[in-house]
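Enquirer: Pulled from TrEMBL, these are the listed features:
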type	residues	note
DOMAIN	32-163	domain 'Exoribonuclease phosphorolytic'
DOMAIN	189-255	domain 'Exoribonuclease phosphorolytic'
REGION	321-340	region 'Disordered'
COMPBIAS	327-340	compositional bias 'Low complexity'
REGION	346-386	region 'Disordered'
COMPBIAS	347-361	compositional bias 'Acidic residues'
COMPBIAS	362-381	compositional bias 'Basic and acidic residues'
REGION	401-427	region 'Disordered'
COMPBIAS	408-427	compositional bias 'Polar residues'
Amino acid sequence: MKDTPLSNCERDFLLRAIEEKKRLDGRQTYDYRRIKITFGTDYGCCFVDLGKTRVMAQVSCELVAPKENRPNEGIMFFNIELSPMASPAFEQGRQSELSVKLNRQLERCLRNSKCIDTESLCVVSGKTVWQIRVDVHMLNNDGNLMDASSIAAITALCHFRRPDVGIQGEEVTVYSPEERDPIPLSIYHMPISVSFSFFQQGTYLLVDPCEREERVMDGLLMIAMNKHREICSIQSSGGIMLLKEQVMRCSKIASVKVSEITELISKALLNDKAARKAGGRCGFAESMPQERITALKTEETPMEMKDVTERANDIIQKAEAPPPAVSSPVVPVPGVGQVGQQNTWGLEEEDEEDEEEDGEEQKETVAKMEEDQHEMEDRGAGDVVEISDSEEEEVVILHPEIPVKAKNTGSGSHQQGAATSQKRQKK
């Protein structure tokens, strides 16, 4: 899987920031990112965090036959693995051009500089020697893998302890750590690589480039040096032409950075040695209670908590008086707003219109009822009025209107029948 390319806007922004001597993470031109060194439970396991770049180095050893041309020297072997976990651009089980380049540079930095006494790794001349293997695994890639790999490899070699051996005739006995204390390697000096990136044909220079800065750089210069200001290896890539003054300037900067990193490594080794001697927790057991296993955990930022109450009171007193409070809008239903006390919109207007319509309907029905009552009184007691008890609507059912003549004849006959009935009662 190929990495996502930078857009033209991002490229122009990075180059413009570099021209103004600004970097994405707020560092200065010659500043390194924060370096953190931790150790595993076993000897020879080291984790190095260079900003967000995370590297693990593991050192192991075994007894092998020596090389024919060097029968009295041990063997040093280095291997760098770029796993897809570090970056989606890395492929599993396939050596890329970057991995080959890093392997060769690490071999030049550590093996060709003779920083380790390989003759002390000989057990039986011409028959048995120790082979020291250094495996470097990339856990996260955020740029400058070479510097992180060199720091992790040399720190793991300083931290490693090989088993002690005993020779009786031609028989070689390897003792366990419980039987005899393991023996550290004989290390003469600690070479450390420092990377410099150049932009716009060498006009601008940055130390410890991050992943995005590496994408827009024109050239890269890697200098491996120890604290005695001895250059162990130097390599330039990118096809950029550098002047002698530029190389000398980079070597002076590298000498300062190497001395600082060497002091940091020495302190980390002393702290780990003191913790193991005191019987304290180290490695994985130490990481569990402190919750340092998670890679995305952010560290706490120290804050000054002195005179907090006094400062707060001073700020409150100096602050301006708050503006007069404004009555909040009345929102009876979500999605309905109100400004002021009289102007409303939304559902409130609809409710008022419905209420007015209901009131008018009620008035009309009451007026109709009163008219019907007056008509009933005019018609007399003989008329029948039926009112249904339906819940849906109030229906008023009246008899159909009778013609006036029929009403008069009916009313006259009705009056005559009433008069004859009264006469009978008198008789």
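Every residue, even glycine, has its Cβ placed from backbone N, Cα and C.
Just so you know, TrEMBL annotations never went through curation; they're auto-generated.
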Enquirer: Calculate the per-residue pLDDT averaged over the domain 'Exoribonuclease phosphorolytic' (32-163) and state the result as an integer.
Expert: 90
Enquirer: Looking only at the domain 'Exoribonuclease phosphorolytic' (32-163), what are its DSSP counts of helix, strand and coil residues?
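Expert: Summed by class, the stretch gives 33 helix, 50 strand, 49 coil.
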Enquirer: Count the residues of the domain 'Exoribonuclease phosphorolytic' (189-255) that DSSP assigns to helix (H, G, I), to strand (E, B) and to coil, and report the three numbers in that order.
Expert: 18 helix, 26 strand, 23 coil
